[in-house]
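Here is what TrEMBL records for this protein:
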- 1-23: signal peptide (SIGNAL)
- 290-312: transmembrane segment (TRANSMEM)
- 355-379: transmembrane segment (TRANSMEM)
- 391-411: transmembrane segment (TRANSMEM)
- 432-452: transmembrane segment (TRANSMEM)
- 464-488: transmembrane segment (TRANSMEM)
- 514-540: transmembrane segment (TRANSMEM)
- 546-569: transmembrane segment (TRANSMEM)
- 581-605: transmembrane segment (TRANSMEM)
- 625-651: transmembrane segment (TRANSMEM)
């Protein structure tokens, strides 16, 4: 009866979570109701380009500035690390109030430096990113009968030898009526009508509106400089403005001003608030994405199953035959068939550089745990694209907390290698706390100097550098030391066999063992290379990545395949009497990082053809190296721990004399 009650409680919890997922969309945001005539403020984000991958501040170009001055919006740690700089803008709308020919400003005559910079940004295909009610501006273009979606709009365009700037914006704001009848369903609770008031102006019960779409059409319109001399911001432009996106007219010239105008149109839409991000997530090629990943998962699962079945049958057959034969037959079998039993006195001999191995395994556990937990939260919707920066912030938080696991695993492995001796556990804990973060800090600092030299908003401010160092040494390092302390107190894993003082000579091999180790990474790489393409496109091509459920499945499958590949190679090495399996088991699965780096170079050459300049290429390769290092530690740790478990189980299951 109690089990049935517990089952009902779990069902209720699952239903509650599902209802919250539907009602709140789970990014941590909530629907904002606006009354007719309420002010809507548009924000601007950094200028971005897939040509350089260097973000710059919106106001680094001669654009109109707000009357109250430029102010930074509240940003989290993840936004700053991603190079986002969200600021206020002079664009202001009134809810459900259509306006046309609104004058913004007329810039001063462009100086030589401003003129060159504007032409350079147009050549580099920089995009302007606007945000309204947390929705990025989206632009639709028609090509060969298909509608393509883009976030943001280009600064300008080059036609022949002339440069044209998009100085008139036609906004379309999609709104959905916020009525009493749908408040409960939108909010996911029957008390929603009491929580949110729907009283409009003058005390009348007019329904409010929610913003469910934000579209922009950029145009290049020639404005007469004399017509804008005496106009103030938000005045009506005296001449009619025709916005035609197929023609350009406002040529950029030195020592001449540029006038900016806009118009806004509100359209009532059937789109519900929880579905307003669908237009951003359903990009072209989504079907290919789903079918390709599903096909890859099926193929890799089939191959991994075959490898696992063959492997288990082979090992089980060897163990059965050893147990059934007498001593004389076992000795003959050792000489003729297999050599893995001959290394019984050396298989647990301490590897070279044991402290480094322990630190790398500890860091691998920390990175793998961070990845699994982060992707799980993202798959549940807590780290959706609607919440900028939460993915990076969450990764940092989980990484620091899991420092306890890194210290525990590293120190316990250290004690196991040296048969329970806990001397030096503090040194191992420090190495685990500083190995990967130290290399990452060195890479990011070098890249940050390049970004500082380019005056990019992607550069981490010095104050944020100090914060990251404090997080490292005041939270991550102490937690790793605490984990090391618990690892030193925990009982070590006892070996099932004794190790001789004199190491056994490894017979010469027909082929280098490391060649097989490097080739083993191809199978794990096959599990993720399709998903890797979409991740790379999200990072470098400005596309939105959202299929975290598939990513979680691929990651689980990757862990399984890494474990299987490492087990097979460890068994093969033991069969040829090669007892130095520690590092080889780590790199058998960790070698997938080599193929990922080669894929990154291939992506740079063939998919990022427009990437210009040595700074951009260096940034790309630097971030790729950082990513590859983390993947190597995580996958290598999976392979090593699975091989350690297998070797321990194998030599504790067979009869030894």
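Each Cβ is built from the backbone N, Cα and C atoms, and glycine gets one as well.
The structure displayed is predicted, hence computed values, not measured ones.
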Cβ-Cβ under 8 Å with the transmembrane segment (581-605): same-chain residues at least 6 beyond its ends: 347, 351-352, 357, 360-361, 513-514, 517-522, 524-525, 529, 532-533, 536, 540, 562-563, 565-566, 569-570, 573-574, 611, 617, 620-621, 624-625, 627-629, 631-633, 635-640, 642-644, 647
Interface check, the transmembrane segment (355-379) with the transmembrane segment (432-452), three or more C-beta pairs under 8 A: yes
Outside the transmembrane segment (546-569), six or more residues from its ends: residues with CB under 8 Å to it: 281, 289-290, 293, 297, 300-301, 304, 307-308, 311, 368, 371-372, 375-376, 378-379, 383-385, 516-517, 520-521, 523-524, 527-528, 531, 534-535, 584-586, 588-589, 592, 635, 638-640, 642-643, 646
Contacting positions for the transmembrane segment (391-411) when only residues 6+ beyond its ends and CB under 8 Å are counted: 76-78, 81-82, 358-359, 361-363, 365-367, 369-370, 373-374, 377-378, 382-383, 422, 425, 428-429, 431-433, 471, 475-477, 479-488, 490
Cβ-Cβ under 8 Å with the transmembrane segment (625-651): same-chain residues at least 6 beyond its ends: 315, 319, 340, 344, 347-348, 357, 360-361, 363-365, 367-368, 371, 436, 439-440, 443-444, 493, 495-497, 524, 558-559, 562-567, 570-571, 574, 581-582, 585-590, 592-594, 596-597, 600
